[in-house]
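Features reported for this protein in TrEMBL:
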ACT_SITE  527  active site, proton donor
DOMAIN    119-382  domain 'Orn/DAP/Arg decarboxylase 2 N-terminal'
MOD_RES   137  N6-(pyridoxal phosphate)lysine
């Protein structure tokens, strides 16, 4: 090592631990299969029946669930290639991150939910029917709402609104829906909201005004008389039944919404005195999202059905019991009833429990079976949307022994630090692993102290850090998770992770025929310490990932990850932290073409100019200011680096037009940027013109 008074550290690698580790890994990798990857990522548990891994090691979508045939599977990597390839190569020229919407999956979810209830109704001889509504707050995107109305038309599937803009959205969509579809009007209401709901009734929409607060009944009575509309009214009951998880906070006697039994009785009296008790036709309740078990579900349904029966006894013309939301998603594949991330039932068990509970109480009370309505938003839209993003870099591996300059380290060590080095070397020769780690850590801490005092150079400190990491790796100590930097804003695209700790399945969408050897956490682009993902399904604090490579043989050296089951709430709740806007969005349908899919719609994400406008800036004026600045400082036609004034201005314009996310690295000269840049005043059609698959 350059100093014969210090024993050589060769014993650290006397058995060539690095070679042994590599050999074991290669041996295991030779037998690695996509089935192994599917198991470690639990894809068959949380992903069934819509997601699986094909023989090439890529995640595929089974658009019709269990009814999907092998040739109908859609390879997500092929979608990414189609979307991200340049237009000259037949692609769409879009950057990641990307949301892939799958209307076929959405349709299957609507059909499966209806089928589950219809099967339960037939099996139990229930004497009414089921017709659900989709709560648009889960995902207000126009195409999502319109598709659900279209797919649900044969089943009288309707919409639920909780605000005035949502009500306008729902009214417009349902004009093309089944005339019997319900329009459930929830949320806090003022005179304008109630008037809108009454107008919906005048437009022959099947609107039901659900009273969330007792005073709302006065508005409904007064405005319905003024507008000469006979309304359909519902009441939301504040049940005693609640669950203890995070999503149960909206239920129970202290819940945010709903009327107590005392308030319900006062509402009945007011309607009766106004000659409008026959307008009261629906009972609504909600015991919280992600109901963990059917036992808790049945408790709530039984309590609500007793209230429904009492309203019938009091003279109300009751027809519908709306069980609200709560149909849960198994985010981690555990099928557990003791977690906010999972549920212990499927669609069939859920529907059977609801039908059974209502039937038993109604039969006992000799009450006509009501129409069953549910507001199952999360269960309908979660599966149909996939967020795909790219890992652009990762922290480096442990350095090799020949990368560490031991003479440089030893040169500046204090006496105490040199003593630690002696002890470390002796322990290594005796193969005392724990002692090695102890002295390596002690050496590192002493060197940090020396660096802070100014007696150790940064090159020496870096080599000490490398030596410590190498010792830790060779003796088999747990290697810290590496940081994978991803081209994404967690605050924009996965806000529930940041805000409430909601965990979603995150999986590489390719290379699943290779063994993932690295444990990593994900760090986003934002300048915020909370912009990282370090909690994953299964209670893991890191995710098994593959090494980033220059060329993986299938994705041009890029590494793509997918976040699944995020179709509910994430887009509506996402912000613009650091001015990162939403991703590009594509709709993909299964087709009989060679790739089994067609990109039918492209919705470009916000450009830098768009997100600046959101914060009241004026990009056109900003551009002019910068242009004048260039003129003011006499930017020459040809600067020293070869750029000229026109190219500079063109680059500025292009920056306003582009998305805030990073562009995949590729050689690009100022001249190419200039040639590719559009004029800043170009129309939207000129900026975005795409070919569809």
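Glycine too: its Cβ is placed from the backbone N, Cα and C atoms.
Please treat TrEMBL annotations as automatic predictions, because they have not gone through curation.
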Mean predicted confidence [pLDDT] for the domain 'Orn/DAP/Arg decarboxylase 2 N-terminal' (119-382): 94
Neighbourhood of the residue listed as 'active site, proton donor' by C-beta distance under 8 A, where only residues 6 or more apart in the same chain count: 578
C-beta crowding around residue 137 (N6-(pyridoxal phosphate)lysine), within 10 angstroms: 20
